[in-house]
Amino acid sequence: MRGLCICLVFLLVCGLVSATAAAPAESEVAHLRVRRGFGCPLNQGACHNHCRSIRRRGGYCSGIIKQTCTCYRN
């Protein structure tokens, strides 16, 4: 029983460490989300061009099924 508890605690600590390491750094977080459309999900170039038109560096389709146009910071 004691060994089982130690294994469970070890697994929980490993999960916590991996979840913390998987969090994106502040510089990797998307800075501007635009409502759905602007080419997503089928035309990522249209999203990129939209973001360029609003004076952002570029953009990409993000989300579960890539329906949200997300723009890069300047």
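Think of each number as a place in line: the chain as shown, counted from 1.
Backbone N, Cα and C define each Cβ position, glycine as well.
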* Recorded disulfide partner - CYS71, candidates CYS40, CYS47, CYS51, source Swiss-Prot -> CYS51
* Looking only at Cβ atoms, how many others are within 10 Å of the one on CYS51 (disulfide bond)? -> 21
* List the residues of the same chain that sit at least 6 positions away from CYS61 (disulfide bond) in sequence and have their Cβ under 8 Å from its Cβ, in sequence order, or write 'none'. => GLY39, CYS40, PRO41, GLN44, CYS47, GLN67, THR68, CYS69, THR70
* Structure fact -> In all the protein chains shown, the tally of other Cβ atoms within 10 Å of the Cβ of CYS69 (disulfide bond) is 26
* Can you tell me the three-state DSSP label for CYS61 (disulfide bond)? -> strand
